[in-house]
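Q: Copied straight from TrEMBL:
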type	residues	note
TRANSMEM	6-25	transmembrane segment
TRANSMEM	76-100	transmembrane segment
TRANSMEM	127-149	transmembrane segment
DOMAIN	130-511	domain 'Peptidase M50'
TRANSMEM	156-175	transmembrane segment
TRANSMEM	195-217	transmembrane segment
TRANSMEM	465-489	transmembrane segment
TRANSMEM	509-535	transmembrane segment
């Protein structure tokens, strides 16, 4: 809570300072003229919690691209119209179904809208990817509008970018007179082009994710091990003798690790099973034991409590660990302070019988730790195994891993993660940001897949995640709601379908206004329900 409050204070302080500096420079005569000239030349403008950049320099680019292959572009944007109209009907149905289910007190699993808010339910480590994707999706969305406008002979006045609080986006300035002069069908091609381009981007992102293993195969290996991409500072596995970025992990104790799923399975297995020990001859135990003389070979506690931990080393060395064992001659638990690495290099055992060797009296020694602590050997790179003593979940949260192991040292280990993360968020646009200043992800996964059926491979989960997030743009932006593309699509559709049957423009305007009102109320109600679900 304290961290979130600090971020809010920093954001508000930045925008307040920027607004005050802008107002100060405009009010002082000795610098106002130069400042206004600079702002006019660069196209920058500052308003409350918003910074904009506007330029007409891209108009020629839009003109050339919009005149390329006119017949193809006409067919392309007409497909966008059909898709957007179908998406509008689906959107209204889904959002209406959510409201009905809510008032019927349906289970929470049927919730459709999930607010995605940076710092709340969006990991802070992925905020940069999220913001970059917002910007890229916004630019492609507006470029779609611009190209369709050029194709339909509507003048493009300029293009711009903006930053609203923390949310980046883009916008395109079209000639209102030209736009109103063209037919409703040509207007639909322009209004639907943004959503259509975002859908194409989502499909491309999905194809990239599906083909990613093949695309990266010349540079990375898969299925043999996992590679460390991040180590949490000051954690149990950091430091000179700990794990390093770029090292490959092949095993956890006697459990082989070929991918991240194996890594998680090995850690889960270590938590479920009891301690594993190592077979040591009794003579070797006595030779390596450095415990105090009065504790050597003695029975410290005949019946130690579960919460009591024996420390026969008295914490005198970081290289030694207290082990417990039994012998054939005595059922009493004995303890020995042994060097951890030589002791764990011996064969693994789970029972005393696993250590049977003819003519040699051996014992299965176990770490003298509590029920939650495990001694794990992590085989990484060409170094000796790393000994981890603690809860396996601590190890899980201390490192980040990737299935893609670089073939050469200079190949970046984070490149696959960057590509995957960037492709996870092909959604959002400028109108959605202005509407609620949050991105609303459509949780299609909960509709298409029953609970409990999602335990599949990581890449399939990512692909379903792409579908759900890109669906946010499609479902929300085509709703006939004020300030969204759906508002203008609805107006053009009413004019196209009712101009001949309802000749009175005031009646058509009334119908259009009622549709926009109902769509706005429907979306606002869903947003309120989603926020209530998130914070309740």
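We number each residue from 1, going along the chain as drawn.
Just so you know, glycine gets a Cβ as well, placed from its N, Cα and C.
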Q: For the transmembrane segment (509-535), name the stretch out of 76-100, 127-149, 156-175 with the most CB-CB pairs under 8 Å.
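A: Stretch with the highest Cβ contact count: 76-100.
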Q: In terms of Cβ proximity under 8 Å, which residues at least six beyond the ends of the transmembrane segment (76-100) contact it?
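A: 110-113, 144, 148, 151, 185, 188-193, 195-197, 199, 442, 474-476, 478-480, 485-486, 489-490, 493, 519, 522-523, 525-526, 529.
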Q: Can you give the mean pLDDT for the domain 'Peptidase M50' (130-511), rounded to a whole number?
A: 79
